[in-house]
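Q: Take this structure, written in structure tokens, and hold onto it; I'll ask about it next.
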Amino acid sequence: MRFKLASCMDAAFRAMVFTMLLNTLPAYDIELKRHSPFHFTAEPADTIALHGEPAELNCSVYSESAVRLEWKKDGTLLNLDGDGHRSLLRHGALHFSHVLHSKDPEPDEGLYQCVITLDGVGIAVSRTARLVVAEPPHITLHTAAVEVSQGNGVLLHCEVHGKPPPVLLWQKDGKLLPTDPRVTILPEGALEITRATVSDAGKYRCVAENVAGTRTSKEAQLTVVSDSSTYERPAFIRRPVDIAVLAGHTALIECSAIGHPRPKLQWTKRGNIMPEREKRIMMVGGGHLKIDNTTTNDSGIYKCAVLGMNETLEAKAELKVLSSPRFLRRPRNMWAREGADLDLPCDVTGNPAPSVTWVKNGDVVIPSDYFQIVDDFRPLPAPHPSSLLIPNPSDWAAGGQELADGPVPSMPRDLVATLVSTRFIRLRWRAPAEQQGDALTYAVSYVNDGGHRERVVNTSKPGELRVTVENLQPDTEYSFRVVAFNEHGPGQISPALRVATQLEVQLPGPARDLHAEPNSPTSLLVNWKPPLSPRSTILGYRLYYMQRTPGADGEKEVDVSSPMYEMTGLKSHMEYGIRVVALNRHGLGVSTEDVVVRTLSDVPSAPPHNVSTEVQNSRTIILHWVPPPLEKQNGRIIGYRIRYRRRGRREEVESIEGQQLWHQITGLERGTQYLFRVTAMTVNGTGPFSDPVTAVTFEDDLDESRVPEQPSSLHVRPLTNSIVVSWTPPAEPDLLVRGYLIGYGVGSPYTETVKVDGRQRYYTIEKLESNSQYVISLRAFNNMGQGVPLYESATTRSASDPADPSEEDLFVLYPDPFTAAPDPLSPMFPPVGVQAAVMSTDAIKVTWADNSLAKGHHPGDARIYTVRWKTYFSTNVKYKMANTTALSFLVDGLKSSTLYEFSVMVTKGRTSSTWSMTAQVTTKEAVPSSPPKDLTVISKEGKARTVIVNWQPPSEANGKITGYIVYYTTNKAAEMHDWIVEPVVGDRLSHQIHDLTLNTLYHFKVQARNAKGMGPISEPISFRTPKGNSGNC
């Protein structure tokens, strides 16, 4: 895939930036410029943040010139001036002082991009990063009681959702399940026990945990009945389902069954029986097929057969092994001159085939006569042989000197061909005698004999004095010239060098028996045999290798003289793809197939991170952690080692085998502070230890077998922009309270939530609106869950009536009487008959009815209606919300000609309804509010008096574009009514203008129109028609 710009490029396009965005791959900038480069040194990454906590999205830039750095959220530039919680740090990062939840009218969740602008040049846009606000686990399917015959398998279900996906653990009779090869936790959380025994009977529950909280399911009784001789037909308890995994990851195709006698399970692929255990493939649990380190060869249909005594059951599933997108050929910086075709190469691969999008200055480029996307790297044949896209290469130097604002280099010297093959030529030259600066770059122009389309190839880095011109035709003579560029522009072009490619000849066949094996954690030993039919003397070999990981750099190459080579400087426990190509005097031959080999493992080079503690009781502490970063693990993590001690005592050590990311340490002393450190282990040994974390055991044990009671009291004290909340703990002192959840919002206590420590007794809710009524809820929680909430309401003071500053901020913690417990809540029914009426180009009026009101009555009992809306086709855009006490609401500030959806919810006191049915409507069209962009003019091939004007649609069309108007003149200062006008009907993005005067400077503008009228006119661009009457450009 490559991006192609047609010939006769105008001056404006010599200074612009293209950014290619490819799915999840990082962006690469391609700059056509006469200034110092600029690029990202750090780009934002996907981030999970806690509600109310600070967060940061990183972005930094390298540039020798001043650049402007901004941020986009969901495709829209952020205005950070006066923003209450978001700010731009000096190094470019976007800082959130407190992250807003998705329930907020303007939540922080969304897609973010860092945008850098170099005035007069263009814009580069970073990769897209997703900011997700963590949400506690939510159990959607609780475990149910089940009975199983001894010796059979059983499945206990538990479905959990959360952000990020929670870690799932299982407990039996209130204790964590011990490690047992018969027990398997399936990917979606279900617990499978194979060959059940009487000792498996008990009460089971699942525990889900992520950074936002912990949830525990209801307990379910598992009953195991004694084995009997009664025949039981085999039956599936888990059928295989289609799955897709990334290459290199583990695939688990589930399948399990019950019956008496216990049936045997057998897996087949394409009729071949799968092994029950080998290096990568094994059966686990009740018969699930586990495939480690998957490759694309593992894709296919797998069949699970249940072999009973008298019958056989079969079920099948498809495994798709996907590969992440990666670059085979990356874009790079390029010089270009007016009048030359320009190819911006980009070659990608992946499974499924990735989609490629080209973006200029942050806007997606729409293909046209000017912009073309080509699906291969072969030179395009000239559609009109008479067209000369570059009139005379010597004009390059003349044109460059006219435009240069300083001294330019003299011509490069001694241009020679050092290697000539059938389809490529390698050129070399010496630097100019007068370089006029450092870090020169070079461009080679070439054209085949009798051809009219001249092409350009650039050196890959400053100062490089050679280039390989590829994709040539065999037995064809070409003319080559080279020119040097400095900071002021192109210098003098060299005399032409004429070289003919060789005849198509027989190239070497593939090398044989390619073999690679690890030699150390950082080296591989590769050997092979020469081709069977070399057809001529083998001069050497070229070895290509590449990391087989998502986002890895492209292939690297090394020239080798003999059929053996030791690759050094590699990464530990990294998988590499290797291939070899033989070389004879005619060029490179046929490549071998890739062989895949992994370097040896090593000890981890980084410790586990996010180490945290959880005090269970007076003698037990649970430690949690996250593995070291994947690139620092240097092998398969086989376990962890924990060192802990109390002050003044020697360290104690405990080891954990496997992938468990938590450990319970028991037998500790009451009321004592302990220090903990964790390290990861591979088969080679342990890595560095984490930074120490501390925890203090409880003095006494409290009951945590049930959720806490309701707090004894809740009191609120409103101020102008804050409310002070105070409370007393639940009346039952023996129940453990780990903390309190404070909810608050205008008309609803669920808009915002704050979590505080269990020892805290007051909290100040800040940054509130003055003279607004807030509903506040308070509930206690522990590891068993959340208790019953207590509610209060308060109205903040008016700004004109602030609190007395001399009044002390004190309050009674134990006043009498206490707030009474709430009555049982009656359900609220959602509003009905929601309608949306368009009022203007940016405003829509939403109306509804409330069936819970008496006929003819209006809301008067403090009920609040919440209206939410978003654009209909947007999946990543969050809802915006507003509250009202009326049965209608005017939503303004909307986009023109955009489809929106609306819904309404009602809240009364402590109860809220569900959301109503949605209503959709499209705002009215408006005239375009921005002009067409990327205006260019090129000569038409073979017709010197005809030009083609190209453009891209307006960024803000505000409706369907019905046509354009092209203006042109030879007098740039003339009034608009004196310019010549040519209309364009429809949404075409190019127009031909005929019968122009030769060697004349023309000025062009374009204006878009829709059904509502004409938009603004673009800035003018200038173009001089060719000289002479040859008919060529």
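Every residue number used here counts from 1 along the chain in the order it is shown.
The backbone N, Cα and C atoms fix where each Cβ goes, glycine too.
It should be emphasised that the depicted structure is a prediction, and the values quoted were computed from it without experimental measurement.
Annotation comment: TrEMBL describes 37-130, 137-223, 234-320, 325-362 as domain 'Ig-like'. For 411-504, 510-602, 607-700, 707-801, 830-926, 931-1028, the entry in TrEMBL reads domain 'Fibronectin type-III'.
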Q: Determine whether the domain 'Fibronectin type-III' (411-504) and the domain 'Fibronectin type-III' (510-602) share at least three Cβ pairs under 8 Å, counting only pairs 6 or more apart in sequence.
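A: By the criterion, they touch.
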Q: So which of 510-602, 607-700, 707-801, 931-1028 has the most C-beta pairs under 8 Å when paired with the domain 'Ig-like' (37-130)?
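A: By the under-8 Å Cβ criterion, the domain 'Ig-like' (37-130) pairs most with 707-801.
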Q: How many helix, strand and coil residues does the domain 'Fibronectin type-III' (931-1028) contain under DSSP?
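A: Helix (H, G, I), strand (E, B), coil: 3 helix, 56 strand, 39 coil.
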Q: Could you put numbers on the helix, strand and coil content of the domain 'Ig-like' (137-223), residue by residue per DSSP?
A: 3 helix, 48 strand, 36 coil
Q: Take the domain 'Ig-like' (37-130) and average the pLDDT across it for me.
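A: So the average pLDDT across the domain 'Ig-like' (37-130) works out to 87.
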Q: What are the DSSP helix, strand and coil residue counts for the domain 'Fibronectin type-III' (607-700)?
A: 4 helix, 47 strand, 43 coil
